[in-house]
Amino acid sequence: MEANVGFLTLCLAITLVRFLMKRYWHQSKINDKNNKAIKQHYPLPPTPKGLRPWPIVGNLPEMLMNKPTFRWIHKLMEESNTQIACIRLANVHVTPVSCPILSREILKKQDATFATRPLSISTFLITKGYITTVMVPFGEQWKKMRKVITSELLSPMRHKWLTDKRIEEADHLVRYVFNQCNNDEGSGIVDLRLATQHYCANVIKRMIFNQRYFTEEMKDGGPSVEEQNYVNAVFDMLRYIYAFSASDYISCLRGLDLDGHEKIIKDCIKLTRKRQDPVIEERIREHQKLGGNKVPVDLLDILISLKDASGQPLLSTDEIKGQVNEMIMAAVDNPSNAAEWAIAEMINQPHLFEKARQELDAVVGKERQVQESDLSQLNFVKACAREAFRLHPVAPFNVPHVSMADTTVGDYFIPKGSHVMLSRIGLGRNPKIWDEPLKYKPERHLKDDGSGVVLTESELRFISFSTGMRGCVASTLGTSMTVMLFARLLHGFTWEAPPNESRIDLTEADGELLLAKPLFALAKPRLPAHVYQT
């Protein structure tokens, strides 16, 4: 058996090498012709020390031997003392960047040049063949869907229209945590990862479907096992969108699923769409039955009711399904990750809790809960969330940008087709930008003049919500969700390490940037009992 496997592997390798050699030499001739003029004046970004690209495959062998890839890349950049690098994976120049000046040039000055996305089997499957928005290459489909998102779903008017749904879920979150403090066990130990992730999922599902759960909720208001599996599948898709699969750089490997990513994505899609698609299909039938006269109550109604110039549905059923899935993915991870990390850090620095509660009590008092109208006055609370975005980003890199033409960035030549990745870790923890970059210090974000703190970072010293032509169009929603989640948890409860633990272990997971262990913390109500029942 082992001999057969070895023989098949050898045959595959020989076939692959022959295919790649022909493609490589053909592409090299084209690249040499197109790039010759610019390359005479500007070099490629530096190759990290110790890396020498192999013919055809580049540094793919090193990538495959050094997992997780994002930690390998950041280690190479640190050892080479560079804020921009060029790592060739097969015939693709991968360019990680951790300098805010270069990042601003990419996302602001040259955002039109870097306005497309890389192709991968994961993004193809998740977007139903590139018919959505965030992960879709630049083109007419992207323009169409982005217009729908910005003008119909995320406009200021629509944001206000959906306020009650967001507040309902914030109220539900507080009741759920309160129930954990008063359950039969009486322990008050709360799984904050579960609470924060499901709050975010519940908010976006309420906005899209006008419902919290696809299955029955538990007696304490929490999610069922089926609901937890659904949300876990959403997070698994986020983990594998741009996971440095070999097939992302050598297209002929797609379908072989050598690293198992394709199966994981397909399984996640099957699970999530098992819950989402029947709701969407039933709603479409309802609209058809009412002849397009249904009064909209959520974003799904809006998507279905859109018409083109001839009065026909603007979006196909697949476009609606794909966009709904993408909106859910876009909403769940950033706020929940920031809140979990911030509370973990603050448990180890209790004086930060005290300062945040003083602000909350001064603005909100103790006879009601935090409302969205309060958020603009909660500068220290927002500084705590902002610091979590800086120090503990949800992903190591921003969504990759692909250069649509040869260009230069910071006196470096960036060939057409390069994958440019802004490092959230490298920017937010850059010692050339931040004092004590590895310390959680919310006060660094407070302004001397007392002006309002915002979660966005226009100078790209860190990335909370991306900017530019392919930037995050939901930063207002993301800010509301993040600050409301965090403020409700801080205002309603005190938080401590569980009994027999003096501190929270802040170790990162090896393969991602979440806490290595989900945050379990001891919660105690700090408001009058009647406030929790609203």
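All positions are counted from 1 along the displayed chain.
Even glycines carry a Cβ here, placed using N, Cα and C.
A quick note: this is a predicted structure, and the numbers were derived from the prediction, not measured.
Under the heading heme binding site, Swiss-Prot lists C472. In the three-state DSSP scheme, C472 (heme binding site) falls into the coil class.
N500 (N-linked glycosylation site) carries neither a helix nor a strand DSSP state and counts as coil. Taken from Swiss-Prot, the feature N-linked glycosylation site covers N500.
Swiss-Prot lists 1-21 with the feature signal peptide, giving sequence analysis as the kind of evidence.
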Report summary line: All chains considered, the count of other Cβ atoms within 10 Å of the Cβ of C472 (heme binding site) is 21
Report task. Inside 10 Å of the Cβ of N500 (N-linked glycosylation site), count up the other Cβ atoms and send me the figure. Result -> 5
Query - Rounded distance in angstrom between the Cα atoms of C472 (heme binding site) and N500 (N-linked glycosylation site) - result: 42
